[in-house]
Amino acid sequence: MGRRAPRGSPEAAPGADVAPGARAAWWVWCVQVATFIVSAICVVGLLVLASVFRDRFPCLYAPATSYAKANATVEVRGGVAVPLRLDTQSLLATYAITSTLLLAAAVYAAVGAVTSRYERALDAARRLAAARMAMPHATLIAGNVCAWLLQITVLLLAHRISQLAHLIYVLHFACLVYLAAHFCTRGVLSGTYLRQVHGLIDPAPTHHRIVGPVRAVMTNALLLGTLLCTAAAAVSLNTIAALNFNFSAPSMLICLTTLFALLVVSLLLVVEGVLCHYVRVLVGPHLGAIAATGIVGLACEHYHTGGYYVVEQQWPGAQTGVRVALALVAAFALAMAVLRCTRAYLYHRRHHTKFFVRMRDTRHRAHSALRRVRSSMRGSRRGGPPGDPGYAETPYASVSHHAEIDRYGDSDGDPIYDEVAPDHEAELYARVQRPGPVPDAEPIYDTVEGYAPRSAGEPVYSTVRRW
């Protein structure tokens, strides 16, 4: 067990495992990746089968609860309201996006397993460490649990077990939040995370792209799906509360709006306070929050339209307050997105990262293309050929980020003009400032026939005739 291998044995070779059990841990990680892929494929296949055999999944694909129109002449003084639910298109779109993101995360883990072998003579311990940078064990477990809980939710809805289905979906949402957060942080501090990623630039450039830029894209996608699921999670929590307590119709709308606002604001604050130190450019969660706000607003409008007289009789103006609250949530998400983009831009500009250099070059190329289009449009309006004027080209298009650019936008490359014409005015001013004989100059008048007074010195014109 713990006995050291004798010298000269195959176990004592340089490629042998340094840490005991590293090879077993590596195979366990591979099995977790395989089960994650199978779970994601199963949940995608289940949704596809549910769309084909709709009779087998009646509760999942059933239309939203139809509320009978109340008699306007009857005074409504109370009563227990029906639980609010999402419409079919919004619910299925949320499930489909979630399952697709889970499958993409599983494929990403498989790609990370392939690129983790960046050297031929790489032992299991070092390869396991490189593979964990793509996706740790805890993230894989959360992904597996998340996929299976979503399948259980769909099957429970198919069997019309609504309350248990909503409870399972709340657990699925909690696992999805943990999956997205742990995928972003890997369970380490931000400084350690950055040092580990930057340490792969030279020895493993391919694996660095996977755990660096590609991982940032996957983080945005998972956070987008997580914030998008806040609408379905808020509806599930509201349904559980409505099935256990006596809610009126206005209370149903207010409870749903409050739960949704708490979920969105809390997650966006976590993104801005914690996760932004790992991935600077995070716009996915804000887009997901805005989309989820639209889904909740649509569900509230349908619910209010079906029970208009009940809602207005029990709590007049409740729907107006719901609309204002949802608008404030969307505005908060938009403001946080602007704040995140501004802080990310300032960070990349201060550290002069490659992302900032590429963004600056892209902006210069876009400005150059826009100037060419404008010049061609002006040429076409004047009736001449569109042409390609010289000022349409900017020097940034052909200058790399390593070249030095002066304050006017010119680099230290080739000169703009190959031949410079002589300046006659400068020569004339030089003669005025320094009067004297002009060497080898041609006479101004060759055949002057008049009288000119002579000075004490040499004659000005050598060919003037006296008479």
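Just so it is clear, glycine is given a Cβ too, placed from its N, Cα and C backbone atoms.
Computed from a predicted structure; not experimentally measured.
Straight from Swiss-Prot, the features:
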type	residues	note
COMPBIAS	371-381	compositional bias 'Basic residues'
REGION	371-395	region 'Disordered'
REGION	432-459	region 'Disordered'
TOPO_DOM	1-32	topological domain 'Intravirion'
TOPO_DOM	54-90	topological domain 'Virion surface'
TOPO_DOM	112-137	topological domain 'Intravirion'
TOPO_DOM	159-163	topological domain 'Virion surface'
TOPO_DOM	185-220	topological domain 'Intravirion'
TOPO_DOM	242-250	topological domain 'Virion surface'
TOPO_DOM	272-280	topological domain 'Intravirion'
TOPO_DOM	302-318	topological domain 'Virion surface'
TOPO_DOM	340-467	topological domain 'Intravirion'
TRANSMEM	33-53	transmembrane segment
TRANSMEM	91-111	transmembrane segment
TRANSMEM	138-158	transmembrane segment
TRANSMEM	164-184	transmembrane segment
TRANSMEM	221-241	transmembrane segment
TRANSMEM	251-271	transmembrane segment
TRANSMEM	281-301	transmembrane segment
TRANSMEM	319-339	transmembrane segment
Query raised in the report: How many of the residues that make up the topological domain 'Intravirion' (112-137) does DSSP mark as helix, as strand and as coil?
Result: 16 helix, 0 strand, 10 coil
Query raised in the report: Among 91-111, 164-184, 281-301, which stretch has the highest count of C-beta pairs below 8 Å with the transmembrane segment (221-241)?
Result: 281-301
**Report entry** Contact call for the transmembrane segment (251-271) against the transmembrane segment (319-339), three or more Cβ pairs under 8 Å
**Finding:** yes
Requested in this report: Just give the helix, strand and coil counts over the topological domain 'Virion surface' (242-250), going by DSSP.
Outcome: 5 helix, 0 strand, 4 coil
Report task. Would you kindly check 138-158, 164-184, 281-301 and say which stretch has the most C-beta pairs under 8 angstroms to the transmembrane segment (319-339)? Result -> 281-301
Report summary line: the topological domain 'Virion surface' (302-318) resolves under DSSP into 13 helix, 0 strand, 4 coil
Query raised in the report: Cβ under 8 Å to the topological domain 'Virion surface' (242-250), counting only same-chain residues 6 or more beyond its ends: which ones?
Result: 78-81, 83-84, 162-163, 303, 307, 310-311, 314-315, 318
Query raised in the report: Looking only at residues six or more beyond either end of the topological domain 'Intravirion' (112-137), which have a C-beta under 8 A from one in the stretch?
Result: 14-19, 22-23, 25-26, 28-30, 32-33, 105, 182-183, 186-187, 196-197, 200, 203-204, 206-207, 210-211, 215
**Report entry** Long-range neighbours of the topological domain 'Intravirion' (185-220), counting only residues six or more past its ends (CB under 8 A)
**Finding:** 104-105, 108, 111-112, 115-116, 118-119, 130, 132-134, 136, 138-139, 274-275, 277-279, 281-285
Requested in this report: With DSSP as the yardstick, break the topological domain 'Virion surface' (159-163) down into helix, strand and coil residue counts.
Outcome: 2 helix, 0 strand, 3 coil
